[in-house]
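Scroll down for the structure; my scribbles are underneath it.
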There are 2 protein chains.
Amino acid sequence: MRDPGNPSEPDSCHYAFPLPISPVIDPITLELVRIDILPSGLDEKVEPLRPWQPVGPSEYIPEAQSLRTDLKALRVVQPEGVSFTVENFSELGRLIRWQKWDFKVGFNQREGMVLYDVHYDNRPLFYRLSLSDMCIPYADPRSPFHRKAAFDLGDAGAGIMANNLQLGCDCLGSIYYMGGVLADSHGKPVDMPNVICIHEQDAGILWKHTNYRTNRAVVVRNRELVLQTILTVSNYEYILSFVFNTAGDLAYEARATGILSTQPVDVGLTKTPHPFGTVVHPGVLAGFHQHFFSLRIDPMVAGHGNTVVYDEAVAIPRDPKLNPHGVGYTVRRTEIGTSGGFDLDANTNRTFKVINPAVRNPVNGAAVGYKVMVPPMQPILADADSFHHRRAEFADRSVYVTRYADGELYAGGLYTNQSRGGAGVRSWAERRDSLAGGDPVLWVQFGINHIPRVEDFPVMPAETLRVTLRPVNFFDRNPAIDVPPSRQEVNCSVSVDGNSHGPGGEEGGQGQNTACCASAGCT
Amino acid sequence: MRDPGNPSEPDSCHYAFPLPISPVIDPITLELVRIDILPSGLDEKVEPLRPWQPVGPSEYIPEAQSLRTDLKALRVVQPEGVSFTVENFSELGRLIRWQKWDFKVGFNQREGMVLYDVHYDNRPLFYRLSLSDMCIPYADPRSPFHRKAAFDLGDAGAGIMANNLQLGCDCLGSIYYMGGVLADSHGKPVDMPNVICIHEQDAGILWKHTNYRTNRAVVVRNRELVLQTILTVSNYEYILSFVFNTAGDLAYEARATGILSTQPVDVGLTKTPHPFGTVVHPGVLAGFHQHFFSLRIDPMVAGHGNTVVYDEAVAIPRDPKLNPHGVGYTVRRTEIGTSGGFDLDANTNRTFKVINPAVRNPVNGAAVGYKVMVPPMQPILADADSFHHRRAEFADRSVYVTRYADGELYAGGLYTNQSRGGAGVRSWAERRDSLAGGDPVLWVQFGINHIPRVEDFPVMPAETLRVTLRPVNFFDRNPAIDVPPSRQEVNCSVSVDGNSHGPGGEEGGQGQNTACCASAGCT
């Protein structure tokens, strides 16, 4: 319910007032079957309803805050325009070109933003890239909370839930917006404006070297192209982006924000840690839960005929001739010859790569490839016999590799609502298909175990995760070697004195010409 | 040597022409003892010197490239000035205030940038934060390469090797520069201008929620304050930053860039993978190596008397009453009562936290704390008896916790040059000191196993690592709840048509007023 003390505010945060009841509705007749009372103590016991004990609100809307007044404006300006171009290749699809990259962008009901035909310098890299599904199982084993396990793509849809992004709110700088057209539940077309925003951003220094003999420095900044979409699924928001850079990297970024899914807890329970959640406000429990994302990568690195391998760094044994001091190590490669599930292993620096054995690097003869840099995740904690585990077919391994098959697009299966497992990526991988034919698909899982903090309420600062696809012996040198150096006459940076109250201020006045950047044409 | 084909270019990349010889010099008399010939095949054998086989250069300087011409300018503008202030608190020290944070910045010969007395909203958080040391052991076991293991702080010094940062090159936007004064090897003062640059940056969306009942969106962007220093140690560059945000996070970021340390390899060896390195240019081998960074954290979270704990998420057993469906899990806390070394464990979501048991969160009674988010690393591969392992006292565990002791500042010991181990954090931790007194120091290790790519030559795109210190039940709500929402009238973003060649362009023309941002005062 909303704050009873402020009934006229429609945007009062109702997650601060979880009701202790759960109505059970017949989905066919829409009739009320019964009203369950929720457990609100430390165990499964359910107490009779008692009169509501008044507690205060916790609002996220700005008019409920005493806002900071000392955050000065920061603007991103591109006076010559943007560095990317957009062409139509179909009624709705867009072909983007930026810094030797080209790729097509689609948008559908379930996956939202999808990339197709990704090339760098006209060389093929990825046939199709998309978020395949998510699953968010909750830790609370008590009825009815034991049912909480959302598949935000399969159950709801990243496309149909996409936000209409607003200039100056969701995106900063010079922005190109893409819309989509989807179907509603009655099959009628729905215009979805501004579901993807595209812009460039600066990401600090990409490379630098100072020759200590001549003292000459060369600095190149990292420019990124971001394609961002945001979805709201009831309480939660996900900010999902593809991020390209000028050194051949392509990253997928997920930011989890929005509001925690809350449930009632006895107001007195603030002295004991709760076994299944964190008290984030008086009477409000935010249950522990895991977030699993599954990124589907259909590669065409230097063409088709790709192979997935993983490399590990291993110590070599002591040997009086070759390794007398015990410091030697080398790299061991394992080729993934049949479909299956795989884990990360930081202790061996295990690194998954997509390589093309038929195309060799001109410098060192290695098979050209891209590595997949995956953040570690805790696998699903629900036990192997549980429906959470059986349904979340992707939540137990960091990497699945399958042989491409038509129709196998969604890691949790085609129908996740009330699914019982057996129809997703784990099942496909268990076919033990030979990958010798060279048509592998990678499913990369990443996520967080969200043990809520008080700081995550009433709205949570984003938790950010990134998967990066990075060239490994694909190019013949640093692909960003030809990016123009960072120059003051282009960047027009400003030296400030930090409003300093002491003699330190004079240090701020430096903007001299140097070998690396002549300040001309701007202050 | 430099490119023989272009002898007048002083900035020719000499790492592309490694000589096959290694002169041995007596460090006392500076006389030549002998000249060793380097092994350049696949094993330890040394062949007699042969005439040099000419190979081409690989240059990183811009005049040797055909530079891209389609990267449009991107500027960061703060028309109202910056949001931070700088005060002197001593001859050289600076007190920075920004967005409820305040802290002091120092700069010394060995550690470079050091933070002291970090507070948020006047509440104490960290007494001292610094990079404590680095170690970079190499994989090649053959003489003389087996000796390669640099301690860039202990051997060289992050302060004395710091770059003089240049406006518009190393930093983008509105920049405050800090200098330092150090001593040279003769004890004379050395003025070190612009060793730290301080600026704000936008880091995308910090939090967002759309109320699906009213369709009202509230968006707050993530503003960061960056303190950056860059050091050059011969071939390599390290870009080291502290990054603060408006939600109480403090991150330490390391970017490894610069030029690989190279050695000669027989030009014909491009068909076989080399056991100890990657061929990055004809005749040039870049050896495998590990980078270890050790961040020293001396905490005062909500005052002194801190305790270090780690939390793990563990499944609870099936139980017909409490966990009949096998989905339940809970959090188990382990208090670190005695000094020692500790590992990460993604399988248990092991999370290290500094808590203050004497200060309780007003909402849920938990001990207030900060968690330490550490990226995974492969421990040192050199065996336990090797000098690499014995000297790199911090390179085997992700976390060390010691009891504070005067003089224990450097993870590899006070003297790393020719050290033999026994004088660093591993040794201190092995004292098994009781931490009951409440004065722990954390040593957080992170790094990469750098298996070079051709793309890392002649200069490498930065490899970036981040350790984040994030509040956990320290505040009574989202500390960024009072950051003003993202508004077009402040941000002045621009809608672009992406130079589109089709009808898609009209989608770019949207900049309507919405509930979340009225566009007023700018286009």
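Every residue, even glycine, has its Cβ placed from backbone N, Cα and C.
Nobody curates TrEMBL annotations by hand; they come from automatic prediction.
Lifted from TrEMBL, the feature list:
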DOMAIN    A:75-481  domain 'Copper amine oxidase catalytic'
ACT_SITE  A:D152  active site, proton acceptor
ACT_SITE  A:Y236  active site, schiff-base intermediate with substrate
MOD_RES   A:Y236  2',4',5'-topaquinone
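The secondary structure of A:D152 (active site, proton acceptor), as reduced to three states from DSSP, is helical. The separation of A:Y236 (active site, schiff-base intermediate with substrate) from A:D152 (active site, proton acceptor), Cα to Cα, is 10 Å.
For A:D152 (active site, proton acceptor), the number of other Cβ atoms no farther than 10 Å from its own Cβ, over all displayed protein chains, is 22. Taken residue by residue with DSSP, A:Y236 (active site, schiff-base intermediate with substrate) is part of a strand.
There are 20 other CB atoms within 10 A of the CB of the residue listed as 'active site, schiff-base intermediate with substrate', with all protein chains counted. In the predicted model, the domain 'Copper amine oxidase catalytic' (A:75-481) shows an average pLDDT of 96.
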